[in-house]
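If you look up TrEMBL, you'll see 1-21 marked as signal peptide. The feature disulfide bond is assigned by TrEMBL to C31-C50. Residues annotated as domain 'Cupin type-1' in TrEMBL: 66-214. The oxalate binding site annotation in TrEMBL covers N109, H114, E119. Taken from TrEMBL, the feature Mn(2+) binding site covers H112, H114, E119, H160.
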Amino acid sequence: MRKAYLVTVALFALAFSLASASDPAPLQDFCVALKDYSDKSAVFVNGKFCKDPKLVTANDFYFGGLNIPGNTYNNVGSNVTNVNVDTFPGLNTLGISLARIDFAPYGQNPPHTHPRGTEILVVLEGTLFVGFVTSNTDNRLFTKTLNKGDVFVFPVGLIHFQVNVGKTNAIAISGLSSQNAGAITIANAVFGSNPPINPDVLAKAFQLDKKVVKYLQKKF
């Protein structure tokens, strides 16, 4: 009897874990994110409060200005213009977002990950060298040179990068399978954490001299 009971509990636990393995399907047409949380009647859904549907307008589903080039005058020579739920409230609960990426000549979007979304990238102008690395223990690198009109996909959570290998500016549009996929730039996260990671830890992890680690921490 006890054995049958344990089997039943185990099956219920397994069913529950499978049922909660992904976001539930929306139960409404839309849930426009509300920036002003003072409205006590607002409903909190997936990290954002929902605007009263009766007050929603067409402008809540509109984002303008993606034609404007981003400022690439920085250390890496690129600029990402995010169109996610934080900048485009109508995306809330819809599970999608996108970004415009501008590259100066030889600029790069340095190695990073999106913890909550797969990315698909299309080149609008220029030539990009792109790639991603698989998880441990293979750490296999996939790379490709992309030209105007080419498309490449980066699986969710994997470290990836894009580099402009041309002498002119490059532009790409990336679509992401999350309203807020997030981004973790590897160098910034490791060497620019707040507070800093103990240099002894990083020196051993990266097989670097401790002085080099401290230098990199100052850079980030």
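The backbone N, Cα and C atoms fix where each Cβ goes, glycine too.
Nearest Cα neighbour of N109 (oxalate binding site) among the listed recorded positions (C31, C50, H160): H160.
Secondary structure counts, DSSP: the domain 'Cupin type-1' (66-214) has 22 helix, 57 strand, 70 coil. In this structure, the CA atom of H112 (Mn(2+) binding site) is 12 Å away from the CA atom of E119 (oxalate binding site). Put simply, of the recorded positions C31, C50, H160, the one whose Cα is nearest the Cα of H114 (oxalate binding site) is H160. The oxalate site is set by N109, H114, E119; from the centre of their CB atoms, other residues of the chain with a CB within 8 Å are A99, H112, T113, L121, F154, H160, S174, L176, A181, A183. On its own chain, H160 (Mn(2+) binding site) has P111, H112, T113, E119, V130, G131, F132, V133, F154 as residues at least 6 apart in sequence with a Cβ closer than 8 Å to its own Cβ.
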